[in-house]
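What TrEMBL records for this protein:
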COILED    157-184  coiled coil
COMPBIAS  208-220  compositional bias 'Basic and acidic residues'
COMPBIAS  221-232  compositional bias 'Acidic residues'
REGION    208-237  region 'Disordered'
TRANSMEM  292-321  transmembrane segment
TRANSMEM  341-362  transmembrane segment
Amino acid sequence: GEFGRHRIMEITGLPARDLRMLDPQLSYPSTILGRDRAVVVNLEHVKAIVTAAEVLVRDPGNPRLRPFLQELHARLALPDASTTNPATDDMELGGDQGNVPMPGSAKIQPFEFKVLEVCLEHTCKCMESETLALEKEAYPALDKLTSKVSTLNLEHVRQIKSRLVELTGRVQKVRDDIEQLVDDDTDMSEMYLTRKLAFQRVDESSVKLDSNKHASPDHEDEKEEEDSGDDIESSHASSAFVKPDVEELEMLLEAYFVQFDGTLNKLCHLRDYVDDTEDYINMMLDEKQNQLLQMGVMLTTATVVITAGIVVVSLFGMNIHIELTLDPETPEMARIKNRKFWETTWATVAGCAAIYILAIYAGKKSKYLQ
């Protein structure tokens, strides 16, 4: 509801456009955004808002999120974290209350990095499982298409290729986002919510201390405080140019970058196999087409030759008076007529065959036929 959205905006300090990014009805691409008081995580079906002490998960009743929520609760239930399960609107909230280490304390993984790691791990596992399932289905289908080109096999491979393109784009997007984060130290520094909160508390305590000292009636103390204040400001100004310490987050992101990159390489290899199969199929079809064309040429040549024989028959079948068409007057003339008939017939057949063989030889000689 509207109340839940406004309440979340008060808790996290996020603008409405960032909350709109987590709306399941809107198809926003995967992304990880570091804000002043929260980190917005939109990885596939994992949509969460992470602060320094709590995490809000969108649509916790989604069955696909059950393994993610179980792993999240297990990770936050470790000795240095505690979990709670209040609800705000349609988002589930888990928290690590009071776990904000001060500078110089024991090295503990920040709460937001624990949640971010679970989000990346779950997304990586889902994409890896989808990739393995697609490989298990694709390779046999491609081999089957190679052995027999049919409409059914072609349609199956077309569907596999569509899924491959879609999955490759999703993995590529997450991989590119992680790479972009790793390359930008400022964006990674923004995601250190626990550290920013700790320094904010230190600044507030120093401001209170400065106000107490300024309340002293001693003028010299006031002057010393002004000098010290100037020193603090100069130190802050100089520290602004110091490269932020983001080694912990960089190592975390690089580890999952390698995993997403490995998944992407598997998809690229599968895509290459699909392309090779398509090239092979096209070569097979071209060969079949060439064979059909050659057969068409041979049949056309045979038709032309037979037509030449028909012309001879037609000439002799005309109603003109020649010796072959006259009635024989004696048995001798009948034998001569019969002999000339067969001579003409076999000469016509032999001539047609000779013309056909000559035409085929000329085609092979010119390499039009194989």
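Numbering starts at 1 and runs along the chain as it is shown here.
Heads up, the Cβ atoms here are built off N, Cα and C, so glycines get one too.
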Inset, instruction - For the coiled coil (157-184), would you mind checking the mean pLDDT of the predicted model? - result: 93
Legend entry - Tertiary contacts of the transmembrane segment (341-362) (same chain, 6+ residues out, Cβ under 8 Å): 298, 301-302, 304-306, 308-309, 312-313, 316, 324, 369
